[in-house]
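Colleague: Here you go, one structure.
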Amino acid sequence: MDTGHHPKTKQYFQFSTDEVYQQLLVDPHVGLDKNEVAKRQEEYGKNVLTGQKKKSLFSIFFSQLNDALIYVLLAAVIVTVAMGEYTDGIIILIVILINAFLGMFQEIKASNAIAALQSMASPKALVRRSGEQFEVDSEDLVPGDLVFLDAGRYVPADLRLVETVNLKIDESALTGESVAVEKNAEEVYQDEDVAIADRVNMAYMTSLVTYGRGTGIVVSTGNKTEVGKIADFLKEDQQTKTPLEIRLAHLGKTLGKLAVGICVFIFVVSYFQGRDLTEMFLTSVSLAVASIPEGLAAIVAIVLSIGVTKMAKQKAIIKKLPAVETLGSVNIVCSDKTGTLTQNKMTVKELFTFADKLVDVDEEGKIQPEEKLLIEGMVLASDATLESDKQTGDPTEVALLMLADHWGINRKEIIENQPRIKELAFDSDRKMMSTLHEDQNGYKLYVKGAVDNLILKCNKVLEQGQQIPITDAHKTLISEAVDKMSAKALRTLALAYKEPSKNIAEDQFEEDLIFVGLVGMIDPPRQEVKDSIQLAKNAGIRTIMITGDHKQTAFAIAKELGIAENTDQAITGMELNALDTQKLANKIENYTVFARVSPENKVNIVKAFKEKGNIVSMTGDGVNDAPSLNAADIGVAMGITGTDVAKNASDMILADDNFSTIISAIEQGRNIYNNIKKSVVFLLASNVGEVMAMFTAIVAGMPVPLLATQLLWINLITDTLPAVALGMDPGDKAVMKDKPRSIKENFFSHGAGKRIILGGLLIGSLTIIAFIFGYYEHNYSVFDANIPEEVHAYSRTMAFLTIIACQLFYSLSFRNERKSILQVGLFSNLYLIGAIVLGFALQLLVLFIPVMRESFKLQLISVQDWGIILLFGLVPMLINELIKWIYRIRRRN
Ligand code: ATP
């Protein structure tokens, strides 16, 4: 057996299908035996394109060091060591290392989370193995596997096709040719010099089935495939930064520049103050450290990755990280009806023919010939299967098979008597499908589809066993039947047929048809959806129903769910087509139900809503849905019924196809954004506090209140803990009472900027006061000359512990912009409590372990001073709580 590499020997496109079976030792009726699959998996490995080498731990670690701040710090290490200040040098080095380790850990965790999401969204392949048909992960395919292709699927490996039914494949990813290639399994080439693009009996990995269906045998997998041989293809860089991350990186840069400015300024001031060179250098470094929020990027990455992992557990798989942010701004959710708003569990309730007119399927009665033909035709024109309780395929079709069983029609017999010889697949533009059958009497063609489309193709009806020309009276009767069914929210499907005298071509299928009748099936709405729609409404989000179904049926369901109140809010695709772009945009907001839409209508609907300044999410599942998913701000693909194309074009995948999941994803998105904002605002407030303290002291001519090593410790260790914990805050249900966040809004809106400044001012002043108080206790003024070193150290310890206490307590107040700490629940984020306890514990370690104490140049302080520190520590938090309280009272009045 061989796997695709054979320059001299015959290649697979030169083999007949039988030769392929022999070569790859596979029985086409059974597929590979499961044991054989296991053996081959061992031999050939995973069917994945491996090109991107995984980054090594080593390189991740070193990439953490590639940062301007770290350079400054490394320079500081060298200078301090050169000056003989070994302990300082070592401390700075240790902090750098801890920081790099934390950064590395965060990066690994974030990339694992993303990798897990990607694998959840990875394509599946439909195979036959050991005689059974089922889906497997595409990466588990082996040479010899029997794979089924249908429209919307990616070709999961290189295949030699063995059966093709109107199969068309878009190979542009491989050949650059944008027109889909018509495939033919029967073709066998003699010549070995056939270009890839011309081999119509082959299907290549990563190309896309756009039409029809087919079966193929896997001939090569992974890097042995044609696409695997193209090295460039694999170098695609998957890492995309979200707008949020880009904005934060920008902010970081601005702050960095500001830091340099401050340093230069301080340098000049200190020079004139006559401070010594060493101190000046260390002070500048400390200030740089204080002003750059270095933890920012890592914290945002980790909060995002935790958030998307949590969303995935709740069935919303984020494919593109920026979507998390956009979700919070969505104000229009366009959703498919069938399967998303409804259960997609269809049951035929009524049927209509010109024999008995409208009948309830549960009512006993003699079955009329027209009714028999209706059901038989529906069965023959279906691809679904139903055996005891095992079913595959479209639920609409399964319902038809169930109807046949319910009426005691032997499905097996009719399928055996009239084998299918040709077919024209369903698509959501035509809204119908047809199959051609042959029996002893000749040919029969059945077409099933949407009544309004099908009726246009009929020129006769079947009445009392006669094929008679269709009249307006017939059409009225049909449309009355449709109206009656639709008013009960029944989904209608019509059948027509004809008896061609010869084996006709597909383009002659859907014309000159004879109308037989129609069925009406119920598809109950999902229970939870009604509440979700109400929840969305309260959150300023409008739900729009987009469906291929009939207008009245759609409206009946929309009304039941609270999407529409009167029929004016419903419009059909045809009516949309009559409006030009501008008119559509002007009227779009009047509608909530779009029925009988085509994929093209969907794009126009999205564009019109966007034109009006809305942020739109759109669902899709079909082959033709990619354009509308791309056009939407958030494209949402169905995880169960969705095609690979739709999934690929989407920003988010619904693992359960459920509308309610979209709304809970929006809630999560809002919460994640808020959490990131809390972390960032907290970090910035802390940094402003540090800069304030240092800056004021230096400009005022005082000794520096915090040493470089102390600042580093606070900034890289103590600050980071509560910032990460804030990012993990449990979601607040109340976010769904707010309007969607404006896309233009930035981090500093809603008073966040003020809180940063206020918090910073408070923290900075309290630190300075504690610092001065240290001198005062020892009967010195902070401006005195010749103060003993212990007094400096004591006062710095006061400043050090105060700033930490302020920051740790203050973090509690950041959890909610309006609610008090107690309303939010003091213990509802145990991570934060843990971070605060750990933060204090670390300070105690630094203080009480003698080596540490000496290294950080700290002093033990009196019990009374501990009291002062705790008291000071509570002030910023209490003031913030007071402000929130005033705000709440004002709002209430
Ligand atoms: P939604 O767009 O909300 O998912 P839908 O399933 O009705 O709703 P489509 O799948 O585009 O949308 O179907 C449109 C119409 O085509 C249906 O209302 C039905 O009349 C017809 N139809 C659906 N499935 C089939 C099928 N398997 N064979 C023939 N006609 C079908």
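Backbone N, Cα and C define each Cβ position, glycine as well.
Residues annotated as domain 'Cation-transporting P-type ATPase N-terminal' in TrEMBL: 11-85. The transmembrane segment annotation in TrEMBL covers 57-83, 89-105, 255-273, 285-309, 680-700, 712-731, 752-773, 793-812, 824-846, 866-887.
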Colleague: Tell me whether the transmembrane segment (752-773) sits in contact with the transmembrane segment (793-812), defined here as at least 3 Cβ pairs under 8 Å among residues 6 or more apart in sequence.
Modeller: yes
Colleague: Apart from its near flanks, which chain residues at least 6 from the ends of the transmembrane segment (285-309) lie with a Cβ under 8 angstroms of it?
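Modeller: Long-range Cβ neighbours of the transmembrane segment (285-309): 67, 69, 72-73, 75-76, 99, 102-103, 106-107, 109-110, 113-114, 116-117, 242, 244-245, 248-249, 251-252, 255-256, 258-260, 262-263, 266, 318, 321, 324, 668, 671-672, 675-676, 679-680, 683-684, 687, 690-691, 694-695, 704, 706-708, 711-712, 715-716, 719-720, 723-724, 727-728.
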Colleague: Are there three or more C-beta pairs under 8 angstroms joining the transmembrane segment (712-731) and the transmembrane segment (89-105), sequence spacing 6 or more?
Modeller: yes
Colleague: Is it true that the transmembrane segment (712-731) and the transmembrane segment (866-887) have 3 or more Cβ pairs under 8 Å, skipping pairs fewer than 6 apart in sequence?
Modeller: no
Colleague: Hey, which of 57-83, 255-273, 824-846, 866-887 has the most Cβ-Cβ pairs under 8 Å against the transmembrane segment (793-812)?
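Modeller: The stretch I would name here is 866-887.
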